[in-house]
Amino acid sequence: MALAAILLLFLTLFSNSKADRDFDVRQHLSTVTRYGVVKDIVDNSFIPSDIPQGCTPIHLNLVARHGTRSPTKKRVREMEKLASHIKELIEDAKQRNLSLQKVPAWFHNWESPWKGKLKGGELDIKGEEELYQLGIRVRERFPDIFNEEYHPDVYPIKTTQIPRASASAVAFGMGLFSGKGSLGPGRHRAFAVTSESRASDTILRFFECCQTYKDFRKNQEPSFDKLKEPILTEITSALAKRYEFNFTRQDISSLWFLCKEESSLLEITDQACSLFSPTEVALLEWTDDIQMFMVKGYGKSLNYRMGVPLLKDVLQSMSEAINADEDNQVPGSYEKARLRFAHAETVVPFSCLLGLFLEGSDFERIQKEEPLDLPPKPPQKRNWRGSIVAPFAGNNMLVLYSCPANSSSKYFVQVLHNEHPIPMPSCGGTDFCPFQVFKDKIVEPHFMHDYDTLCNARLDESKHKPETSKLSQLFRWIFRLGGNGDTPSHGVEL
């Protein structure tokens, strides 16, 4: 029995160390995750549809997030404060005659990589490459769609007025149309990128034009801090013991942000990220994902129902493509792809409108207007992961197919998330849905929610009370976890 116990202990330690070695922190950075690191992570239990012979793609809708970006000015200042505080922590350790052997070597001379930077939030060179390569892959995958001479009415490219989004649109277009022009060695060509005013862009920046949503999000900020506090407290205590530093919760929050930025922008995983164990990373990732769930995703129906103008725009483009196909219009005389570039606040609600990334019976609960549970806490598996739902350059593509007359339906819609087919609960769990079913079951039920009514009507006090009740239930749920609590930081546009 003693030998069996020793063997069991050895196997446990071995399996844990192997799991730690296999753990790739770059895949667990929530919405700060680079596209190339996670784009091919798929649900192996789902078998994509075989596209019937004779079915041809005739139109494509793309809704994409901008690529990897640099930290915002606010975050740059936070990193400079962190650098100063690390120096204070080391000095404090010396004064207390603590051994400095436990101090991570990189602490001693660390300066913020963004020290002195006056601007922030712009598209990084890695982000440019993400969108450029995406453009190339989309063209190669759908040659029947991108076989026409470029014209802005055939391939309209739309973006928000935020520079990182418009720069992403340009990078994508350079890849999409590379070799199609006469400019430079790459034979590039000029193309148009258009955008609406930030104050009136209800298609791609519906979240900024929706006053009800802005009020809701602002009111949640203090709650997010409280929900996140237990996990930060637990990890702060663990790191304080591990390194004998007087870390604060703000230190841990800043170090976690540094970990995400070092990994995604600088390819550094052996500094800030190495401070945390895989279990701690998983918990910190979960708190970020919970925030995304609550203020961008299924946590409140307003989060995604305000995206109805975008959904209408997608349906309109598909309907026009079908009409053009039915009328045998001359190629080059009608739109073949509508390409949009925006933010996580756009892509996440749009994914929810399609019913993606739900757990178990969640789809039925949404249909009954019932609130959803929070995504399961680690080590439980969950579908809702920011690194998958909306990494940098994360995207949804809806491809419209025209099929032979002997098919069950002439037109079908295939949904691709991050370039991979993904099941739609509203269409029987398939990724290849008859257009009429897609329209009747997925799209039009959302149209009962009018954008202006949702976003600009004054909510009276009685309508706020249920949210308070839900929040109190959430607090009780968090604290039942025994201090392992959760969630978010203040809303920053992603």
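Just so you know, glycine gets a Cβ as well, placed from its N, Cα and C.
For CYS403, the disulfide partner named by TrEMBL among CYS55, CYS209 is CYS55. Most buried of the disulfide-bonded residues CYS259, CYS427, judged by other Cβ atoms within 10 Å, is CYS259. Within its own chain, CYS273 (disulfide bond) has VAL25, CYS259, GLU262, SER263, VAL281 as residues 6 or more apart in sequence whose C-beta sits under 8 angstroms from its own. Separating the Cα atoms of CYS55 (disulfide bond) and CYS427 (disulfide bond) is a whole-number distance of 19 Å. Figure note: comparing Cβ neighbours within 10 Å for the disulfide-bonded residues CYS55, CYS403, CYS433, the maximum is reached by CYS433.
Recorded residues CYS403 (disulfide bond) and CYS433 (disulfide bond) have their alpha carbons 12 Å apart, per Cα-Cα distance.
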